[in-house]
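First up is the structure itself, then whatever we jot down about it.
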Amino acid sequence: MADQLIRATAADDGIRAVGVITTRLTEDARQRHGLSYVATAALGRTMSAGLLLASSMKQAEARINLRIRGDGPLQGILVDAGLDGTVRGYVTNPGVELPPNAKGKLDVGGAVGKGFLYVIRDMGYGYPYSSTVELVSGEIGEDVTHYLVTSEQTPSALALGVFVGAQGVTASGGLLIQVLPKAAEDPALVELLESRLAHLQGFTPLLQAGKTLPDIFTDLLGDMGLKIFPQTQMVQFQCRCSTERVLGALKMLGQDELLDMIEKDDGAEATCDFCGEVYQVTSDQLGKLIDDLKTEAGA
């Protein structure tokens, strides 16, 4: 099944539902960064969460950043996701591996540890909004749910999952259900929804069983006036790095540092943290940056 994002509503638009499949893009990230099993699960969950949160933004260029900093061996996760369906991300320590947790699952919580989740929403207006919440478990899903309830004050349920085996990632994605104020006033409806979500046995087992996103929506909300939007949005791992951005970053180092690179290394090499792309910068390109800096200083 192709990586995709689908939106739906229920209960006369009082319930908002978004589902995303990220199997291929998570495998792409695993290969790019040489991720271990647990690092793949951690990054895959966070990328799915980023896409789900970005799906409710309005402006075409809107993006959301999720940064997780913990005291576990993984150290940190950074994900950048957009309303346009693109996402990128990396972990600080991609090679970390841990024994399974008490449930026999990949120990993402142990890899992340205790710490904080930082969320930056760039709504597309040039004025980003930031929030910080303490990690609840380090399992990503519970932590992002905690953010939604405390910072956005929206009752939410988030299911995230990544299954990675010897052949790579075979299932990855997530589901976000939000109860809007209109539906939150109906305690019976909220209780029914909570009961069904409590019996949801993970997200990736549903994908492995052949369930599609519409199937999952129907199982949960089919008798609540479910309306699935006809548009299916494709999602993908896509970085925004470029030679121009690399040159711009190098230029900020100043003339002395650039000259030192020319004299000692006859150029420079830069690697994008988000996607692993390696950029070779020649001494001529560095010299051009120095000339630009001199011209700007003279102006």
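Using the three backbone atoms N, Cα and C, a Cβ is placed for every residue, glycine included.
Per Swiss-Prot, disulfide bond is recorded for Cys239-Cys241, Cys272-Cys275, and the stated evidence type is sequence analysis.
Taking CA atoms as the reference points, Cys275 (disulfide bond) and Cys241 (disulfide bond) are 8 Å apart. Calculated from their C-alpha atoms, the gap between Cys239 (disulfide bond) and Cys272 (disulfide bond) amounts to 9 Å. In this structure, the CA atom of Cys272 (disulfide bond) is 7 Å away from the CA atom of Cys241 (disulfide bond).
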